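These features come from TrEMBL:
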TRANSMEM  A:60-83  transmembrane segment
TRANSMEM  A:90-112  transmembrane segment
TRANSMEM  A:144-161  transmembrane segment
TRANSMEM  A:242-259  transmembrane segment
TRANSMEM  A:271-288  transmembrane segment
Amino acid sequence: MSILEFSFLAAVLTATAPVVPAALGGLICQAAGVFNIALEGQLLWGAFTAVVCGHLTGSAWAGVLGAVLATVLYAGLLSLASVTFRADPIVVAVGTNLLALGLTAFLMRRIWGSGGTYSSPDLAGLPTLAELGLDVPVLGPQSPLVPLAAALVVAAAWWLARTRSGLRVRGVGGHREAAEALGLRAGAYRHGVTLAAGALCGLGGAQLALGNVTLFSEGMSAGRGWIAVVAVMLGGARPYRVLLACLLFGVAEAVGFRLQGAGLPQQAADAAPYVITLLALVLVAAAARRRPKETTT
Amino acid sequence: MSAAGSAAELGRRVVLSTPVPAVGGALVLTTLVMLAAGVDPALAYPALVRGAVADGNLEYTIAAFVPTLGMALAFALPLRAGEFNLGGDGQMAIGGVVAAAVALELPLPAGIAVALPLAAAALAGALVAGASAPLRTRLGLPAIVTTLLISAPAVSLASYLVRFPLAEQGTGMAQTPPLPESAHLPALAGSAYVTIGLPLVALLTAAWLYADTRTVLGYEIRATGQNREFARYGGVAVDRLAAITLTGGGAFAGLVGGLIVLGPPYRFVEGALTAPGYTFTAVAAVLLATGRPVAVPFTVALLTVLQAGGQGMEREAGVPGQLTQVVQGLIIVIVAVFATVRHLRARSGGREARA
């Protein structure tokens with residue numbers, strides 16, 4: 001079975017890894033009752049700032065740290081506009097997604113003098129686990145951010161189910177008035193999850209630009225932030241289901257890549273992840289419709 | 001009230017209406033972005049204006065205004081019913097490729113040779129967008145997500161068609177052969193780039209404005225957009241309206257694709273439809289018009305000038321043209337904030353009036 005080759009599994013992990021942190025960001029926002037569709041722009045901004053910080057410092061880890069901080073800052077714009085000023089979060093997110101596309105394309109021309117793709121032998125990528133001494137099949141060629149993403153899924157599940165702050169976030173999302181009547185400041189939790197989603201998108205962007213490859217190219221998030229939004233819609237507020245949805249996307253991308261190698265046109269490979277994600281979304285939504293309605297919404 | 005007083009009142013209302021502070025705020029922020037990036041605004045802004053309107057550039061700007069206005073209708077029509085159509089790129093690309101296929105494969109007499117590909121393009125765009133309607137009304141999946149998810153494979157499909165079955169043989173370029181002469185959109189007198197697409201889209205805009213303000217359908221669409229449950233309670237078939245507005249929006253987007261392909265250079269060139277970013281320039285323009293459909297043609301004109309001028313700015317002042325995309329993104333965020341602040345102020349103002 002060629003589909004179970006190690007290289008295929010590795011390709012699935014590579015395709016999944018940047019989406020998982022972004023989807024977790026969307027998930028904790030969802031848990032707090034915030035529909036966050038700004039992930040696409042934040043993922044792109046994370047990828048860009050990772051490369052800029054990596055370029056400036058010569059260190060991939062500084063790139064990761066810079067991406068996380070810069071994307072928290074970028075998410076602050078969404079948080080300020082939609083939580084503090086109570087602007088429509090969907091419209092603001094449409095704006096920040098477009099802004100990220102323009103700002104990264106603009107700044108890369110100002111910094112490196114040309115658009116398109118920036119890569120340089122001086123730009124350090126993240127080390128692989130094999131280089132760090134963990135030379136096992138499948139995981140070996142991955143960056144340390146890949147197991148970190150998996151750990152974050154476990155952490156998110158534990159946090160939402162078992163900790164006081166996690167339960168409070170869900171309380172704010174489940175019944176805002178009741179939570180506020182109990183003395184929770186809903187706005188503060190909404191700020192918190194929005195900024196945390198920014199940090200996670202920074203991490204996902206760094207994995208995309210310094211883990212999967214070692215370069216930045218315009219629009220390189222290429223819809224992954226939207227896939228993350230769909231993963232949250234598929235998985236609800238349940239982290240393991242969201243991980244499963246991200247893996248489905250990863251498999252679709254890896255299969256598309258394989259098929260391209262087997263002679264299928266590149267456009268089919270490009271379309272595969274979207275088509276499969278959309279089909280999954282439709283099937284899950286149709287199945288949910290057929291089940292008797294639960295009392296909570 | 002004296003004439004001067006009412007003029008001052010009118011002036012105050014114009015200044016405080018959302019688009020003005022939004023444009024002003026965006027210009028201030030753009031200037032700050034320029035300064036932060038080490039660009040001299042005193043050089044950049046004149047270059048921007050020249051790039052949009054000086055020596056022959058005006059014709060390009062008007063030519064770009066047509067698809068942007070068309071895409072504004074594609075976004076605005078569903079938005080009035082509360083549905084976000086972000087899949088304009090896919091609807092436009094499929095419309096364009098269908099128009100090219102019809103024009104290339106069916107030898108038609110003059111007149112119909114233009115009308116039929118355009119109608120087919122509109123129909124194709126309507127089908128692509130319409131796919132999101134049952135997903136929205138039956139499965140509760142937000143149109144903003146499904147239109148976007150459908151758009152990406154639709155663009156891929158158009159790209160595949162133009163590279164393989166419809167490709168011009170022997171050139172290796174991702175484009176169709178030139179369309180037959182009879183399918184060319186007639187150019188407006190004395191222009192090389194502006195076609196009858198301009199009056200056509202202007203007419204459609206006028207029809208939309210009329211329908212929005214003066215017809216029952218328009219009223220029901222607005223009622224649904226303002227409060228879906230209330231409209232449903234009032235007897236409006238809200239699900240049907242979601243389907244009508246989404247397919248209608250898709251038809252506009254498909255038509256734009258057809259207009260681009262039947263206009264110069266009279267063929268489907270890959271990227272020529274989606275690369276200029278008409279879809280999101282239009283989104284920014286519609287949001288900038290903040291619920292005033294009459295303002296849409298003006299905001300579209302403003303952002304088209306900005307977009308076209310951005311290229312001039314790049315040539316003359318060496319400022320990357322992507323700055324205009326930055327401005328569009330900022331405008332959307334600022335509009336969203338101003339709209340809420342105004343809403344909240346109106347509510348608290350009402351309370352004071354009653355007290």
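Keep in mind that glycine also has a Cβ here, set from the backbone N, Cα and C atoms.
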### Summary
If one takes Cβ-Cβ under 8 Å and requires six or more residues beyond its ends, the residues near the transmembrane segment (A:90-112) are 35-38, 40-42, 44-45, 48, 52, 55, 74, 77-78, 81-82, 118, 216, 218-219, 225
### Query
the transmembrane segment (A:144-161): which same-chain residues, six or more beyond its ends, come within Cβ distance under 8 Å?
13, 17, 20-21, 24, 27-28, 31, 64, 126-127, 129, 132, 167, 169-170, 200, 203-204, 206-207, 211, 237-240, 242-243
### Chain residues outside the transmembrane segment (A:271-288) and at least six past its termini with a C-beta under 8 angstroms from it
15, 223, 227, 230-231, 233-234, 245, 248-249, 252-253, 255-256, 259
### Intrachain neighbours beyond the transmembrane segment (A:60-83), with Cβ under 8 angstroms and 6 or more residues off its ends
34, 36, 38, 41-42, 45-47, 49-54, 89, 92-93, 96, 100, 124-127, 145, 187, 190-191, 194-195, 197-199, 201-203, 205-206, 209-210
